[in-house]
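Novice: Handing you this structure, nothing more for now.
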Amino acid sequence: MLIMRYIFLSIIFKEMEEIFGTSKSFLESATYALEGKILNLNYNLCNSLEDATKVASCRFEQDTAWGKQVGWLYGSTSEDVLTGLNIHIKGWRSELCSPDPIAFKGCSPQDNIINMIQQKRWASGMFDILVSNNNPILGFFYGKLQFRQALGYFWILSWALRSVPEICYASLPAYCILTNSTFLPQKLWLHASLFVNYNISTLSEGLKTGLSIRTWWNNQRMIRITTMSAWFYGFLAIILKRLRISEPVFEITKKNESSSYDGRFSFNESPIFLPSTTILFVQLMALFTSLFGWEPRVRNGLGYGYGEVICSAYLVACYWPFLKGLFGIGNHGIPLSTIFKSTMLSLLFVYLCKLSIIV
């Protein structure tokens, strides 16, 4: 009987080693935790430090279930979201722990270039989760993910997917001005009231949390810029991955606060600034066309009105840092290579608009 018990415990211990690793103290801790028991903490401090050093080593996870079944899941640039989603799919509950003072505080990147890289990494990682077998829709139907949890995860994971329609909608006012057509109804009061009410509600929420009007406006502008640049490149990265053309790269971003940051928008030759610069050029071309009356004659229906002009001017206001970057110098100026590429893309857009009139 004792031999059978010894064999049984040996098999269990071997399976635990394959999952959690070879640290005996950690295996004991994991066993107690899985059984819901309280572990006796009367350990020698030196032994505990040795065990902690062993568990923290890079080779400890080799040939174990770490990164697959235990701990943070690997294989994604948004491993925190992937881990949390799988925990909820298994039916585990999450608790909000907010001690006073705060246990952990991090520094978000101040420089917009680093912020763009971080946003691209997040967008690509979360979109990759959305199109994989770990998406919240399958988690709701085949797992234990609740309906509202699935909706919340789907909203977050669709950041990159949101960039495509947003670029199309941003191009629509300029297209209507260049082709002398309209996409807005004659009576704009309903749509205008929705736009005004939305901005008033978001502004009031920001003021209640102690934010200034300028901070609120900067957030409104940055969500437009980020969506049509960083998130768009995150979308393209996963499309190329699914087509087996290239793999997304985990780009490390600095989290430290820089004393040299002056609060101004900075640029480099990264292609991540190309879509935003192109959108700005397209809107400027449309506004100049309307200002000097260069639009073609109305062929069918009604031509564009004040609504399209206001939408185009609003986008120029959102991309005001890029407009200033056209005349900036050094890191605060848009590189000539980006300006040239954006000019060519803008002229191509104008040509296609004129071509659609002929057709």
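Heads up, the Cβ atoms here are built off N, Cα and C, so glycines get one too.
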Novice: Between the candidate ranges 157-179, 272-294, where does TrEMBL place the transmembrane segment annotation?
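Specialist: From TrEMBL, the annotated transmembrane segment range turns out to be 272-294.
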Novice: Below 8 angstroms Cβ to Cβ, which residues of this chain, lying six or more residues outside the transmembrane segment (222-240), approach it?
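Specialist: For the transmembrane segment (222-240), the list is 115-117, 119-125, 127-128, 131, 159-164, 166-167, 170, 246, 248, 271-276, 279, 315, 318-319, 321-322.
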